[in-house]
Amino acid sequence: MEANAGMVAGSHKRNELVRIRHDSDSGPKPLKHLNGQICQICGDTVGLTATGDVFVACNECAFPVCRPCYEYERKDGNQSCPQCKTRYKRHKGSPRVEGDDEEDDVDDIENEFNYAQGNSKARRQWQGEDADLSSSSRHESQQPIPLLTNGQPLSGEIPSGTPDNQSVRTTSGPLGPGEKHVHSLPYVDPRQPVPVRIVDPSKDLNSYGLGNVDWKERVEGWKLKQEKNMMQVTSRYPEGKGDLEGTGSNGEELQMADDARQPLSRVVPIPSSHLTPYRVVIILRLIILGFFLQYRTTHPVKDAYPLWLTSVICEIWFALSWLLDQFPKWYPINRETFLERLALRYDREGEPSQLAPIDVFVSTVDPLKEPPLVTANTVLSILAVDYPVDKVSCYVSDDGSAMLTFEALSETSEFARKWVPFCKKHNIEPRAPEFYFAQKIDYLKDKIQPSFVKERRAMKREYEEFKIRINALVAKAQKTPEEGWTMQDGTPWPGNNPRDHPGMIQWGLDTDGNELPRLVYVSREKRPGFQHHKKAGAMNALIRVSAVLTNGAYLLNVDCDHYFNNSKALKEAMCFMMDPAFGKKTCYVQFPQRFDGIDLHDRYANRNIVFFDINLKGLDGVQGPVYVGTGCCFNRQALYGYDPVLTEADLEPNIIVKSCCGSRKKGRGGNKKYIDKKRQVKRTESTIPIFNMEDIEEGVEGYDDEKSLLMSQKSLEKRFGQSPVFIAATFMEQGGIPPSTNPATLLKEAIHVISCGYEDKTDWGKEIGWIYGSVTEDILTGFKMHARGWISIYCMPPRPAFKGSAPINLSDRLNQVLRWALGSIEILLSRHCPIWYGYNGRLKLLERLAYINTIVYPLTSIPLIAYCVLPAICLLTGKFIIPEISNFASMWFILLFVSIFATGILELRWSGVSIEDWWRNEQFWVIGGTSAHLFAVFQGLLKVLAGIDTNFTVTSKASDDDGDFAELYVFKWTSLLIPPTTVLVVNLVGIVAGVSYAINSGYQSWGPLFGKLFFAIWVIVHLYPFLKGLLGRQNRTPTIVIVWSILLASIFSLLWVRIDPFTSSSTKAASGQCGINC
């Protein structure tokens, strides 16, 4: 199927750029782009002058202020710009006020920002001696693009919403009121060097609007005055009747105005009746655990000393592991969002939407393991999301350069033209067609339009035909032609070699009529000899290409099998990101993962309910949840390595600094001294961003260092790479691309930023973007942001935001857990380990404990497997890890077990998790700990210490074609199955041997046997789901598993019986035992 626009493929280093077009293409469509200016005081549009130009109140900093607010400031205010404090000059048509006669110059707003005529000096200062570093990026774009496949060159312009195309404060569209453009820089044609305004060192920097936030006080005073006037007016109309003079507002609109000022979300505290007993039991359990360990360490078992010592070491490790897991859950919270307030503030009906633009990322690699139909459903749910279409762009990263993915995406774009209007017309959920039509519910509920049934039937037929076309593409792709794949116009597919191909970009959808969001296909360049960093590298390429093409202020990434289950998910995220209270310090909003296709009893704990509904809720009350790799909305500034905008309360020293240096002194001076000292330390670290937003916001001393970095293009290119277009995009805090930008230039620059050598000698993957160094790049990326002081938010809307698929097969599940555990071990052995990294930052203590627990949990597999084997050894040898139990000792054992169960029950009470989910989680903790986690420890050590790399395998997302949960019973051989099977067999043999010994020894031996049997049965019960997975539906297990397990268990058991290490030589001789020389 033809795509709607030609594909662009090329390699920056080879100076190649080719556009593949189809005969039916009629030419590129211009990109829709709004460029409205919003008054930063009242939130209305700035408006135009009599000549049709954008009204610019201040010709010093171009701070957006509308004409009424400008007149108000001149007449009743301080007659100066709220940002740079420069006195307003009188504009044509404005009444004169006191002080106008003192002006001796003429208003020259038209030429104030004409950089083309008089700013060559600034350009030279920007370039300096480093012009050679990016000469290819700046000057190649000046050459005409060569004619491409069908002889049609790229052309077209982005229409601008305002004539002021070179304003310093240009943004991509109407954004929220009250937002400061701290990092906005002048942006000119990308074919020209990026200009920078010259800063006069002798002049107060506040006059340039850098970091001056005093205007907020004046805005608040103005709002209070307005509210007072409203109260006076409403007192005249106590019944809400009558209009306000000059506004046409009534009492209802006043109420709407009040609602628009309310917070967009709130914290819902967990009732103290649930939380207080939970915390009390935790403290009691800690005390009991201390007494228990004291008893265990002071009462050794002399005739079984090795067993006793092993058990005590394991118990101490389990206690430390419990502390790391438990205390980050000390402050669990819930959150609630107010979508109606978000609409009142930023998305009023009949007015241009002020919601921020968002770029959505979808990542895929292998279409044979990740079916194109699954990816298509994810893309369709994104295109149909409930958000302004001109504010959403969907980027699909094909890291396998598969023509199957490209053609499936082209089919998806065609079907979306029918599917998206149907979804929005009838407000259906979910908006992934496969899962919508598969719902076993009354689809007529709440539907009132008579045409719905007929249209639904027609749409279902359309979708079935769409599935047939996708299936035909998959069948065709099973056998690759010898000469490689060829596109319909005869052009060879550029990605025939997935390890050596140029970068490719395809604009899949146009937005004529504002019906559909943009859909972009991206496959980054790959060449032999370059390190591509797997998924993390692909995500960083998407960051750059999206910044060049659309530059949404926020990013949201999902895996190809995670579709939008809630069409309002983006608005849920914006309730936090666009909240004036903490939006500036929120790095990401994480949504919980929910899954389809899981068996009813969730045999292998695929849902991870305990982690998502207990652990992450607890972290949300500290500094925020960890990043889990999908379903996460990011602040683009946080990914660029910038520091957050923090309040004085946020700058309080953490508990470690307080304990070492004492509390911070009261008063302004003490605060200033502490902050300056902290910044001085931070600048010595490699993690400090080039632009510390905190310093710029507060306008502190020492700004000369920041200014010198700002003026150095070499420093910018070293950090972000040699792309002036991308560097300029990083300064646009509110996102958007500049007006009058040539799409041909943008596409050429987009090919540049996804080239395989772009990241060389830059900070990509080290300090900015997704961080490299682990197969679980999500943990590392979130940790670096939290270490800089950012917070994250956990959003759990009533309707789950996203749903995905999970491997329900035992072997696939263990391989997935192996990959996660291996990534944790890699972080543990790296310089970014939370145990020793980032103590000069703003990472809170409980958040650090959570990250430490996240990376050390695989190590628990070693004491766990030892502890699981101990009961069998005790049964086979007749020894025990505990001496004769007295009443005092039995009391601590009973109290410990009671406290463990009480903690679990109270945890389930405040979280709402069912006891079955909790028990499945406990069982799989033992299954994973004795298999995947153990292998991960040794593989991680081999990889880090010996350099032996392990292959990353993509988890299969196969569809269930053989009936409900058929995949659950399929057996797939993997070496991960051997250790748990061995533990099972050894304990079963031990139980048989122990019972046999008790029968032969008489009644007195049954008492000690019960303690040993309890621990052995505890192990078997936890491994029961694993045993069911081995047996499968037909109750058959491959011979190799049985042979290996019985062999190892038998050898282990016979060795212990033969050696009998706990019996002395004299005892053996007395009992008649002798050796080979008897």
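Including glycine, each Cβ sits where the backbone N, Cα and C put it.
TrEMBL entries are annotated by machine, without manual review.
Within 10 Å of the Cβ of D399 (active site) there are 22 other Cβ atoms, across all protein chains. Annotation source TrEMBL lists active site at D399 (among others).
The annotation active site is assigned in TrEMBL to D778 (among others). In sequence order, V626, Y627, V628, G629 are the residues near D778 (active site), counting only same-chain partners six or more apart with C-beta under 8 A.
Every protein chain considered, the tally of other Cβ atoms within 10 Å of the Cβ of K535 (Mn(2+) binding site) stands at 22. According to TrEMBL, the Mn(2+) binding site annotation covers K535, D559.
Annotation source TrEMBL lists compositional bias 'Acidic residues' at 99-111.
The domain 'RING-type' annotation in TrEMBL covers 39-85.
Positions annotated as region 'Disordered' by TrEMBL: 75-189.
Here TrEMBL flags 855-876 (among others) as transmembrane segment. Remote same-chain residues near the transmembrane segment (855-876) are listed as 304, 307, 310-311, 313-314, 317-318, 321, 324, 779, 821-822, 824-825, 827-828, 833-834, 926, 929-930, 933-934, 936-937, 940, 979, 983, 986-987, 989-991, 993-994, 1009, 1012-1013, 1015-1016, 1018-1019, 1053, 1056-1057 (criterion: CB distance under 8 Å, separation of at least six residues from the stretch ends).
Sequence annotations record features per position, and here TrEMBL assigns transmembrane segment to 888-911 (among others). Under 8 Å from some Cβ of the transmembrane segment (888-911) lie the Cβ atoms of residues 270-271, 274-275, 277-278, 281-282, 284-285, 288-289, 291-292, 295, 299, 326, 329, 332, 613-614, 617, 882, 918, all in the same chain and six or more residues away from its ends.
Residues or ranges marked as transmembrane segment in TrEMBL: 923-942 (among others). For the transmembrane segment (923-942), the list of distant contacts is 604-605, 814-815, 817-818, 821-822, 824-826, 828-829, 857-862, 864-865, 868, 948, 950, 975-977, 979-980, 983, 1019, 1021-1026: same-chain residues at least six beyond its ends, Cβ to Cβ under 8 Å.
Taken from TrEMBL, the feature transmembrane segment applies to 976-999 (among others).
What TrEMBL records for 1005-1027 (among others) is transmembrane segment.
Annotated transmembrane segment per TrEMBL: 1039-1059 (among others), in sequence order.
For the domain 'RING-type' (39-85), the model gives a mean pLDDT of 80. Nonlocal intrachain contacts for the transmembrane segment (1005-1027), taken as residues 6+ away from its ends with a CB within less than 8 angstroms of a stretch CB, comprise 603-604, 810, 868, 870-872, 874-875, 880, 882, 885, 920, 922-924, 926-927, 930, 980-981, 983-984, 987-988, 990-991, 994-995, 997-998.
The Cβ of D559 (Mn(2+) binding site) has V362, S363, G629, T630, G804 as same-chain neighbours under 8 Å, each 6 or more residues away in sequence. For the pair K535 (Mn(2+) binding site) and D399 (active site), the C-alpha distance works out to 8 angstrom. Sorting the domain 'RING-type' (39-85) by DSSP state (H, G, I as helix; E, B as strand; all else coil) yields 10 helix, 4 strand, 33 coil.
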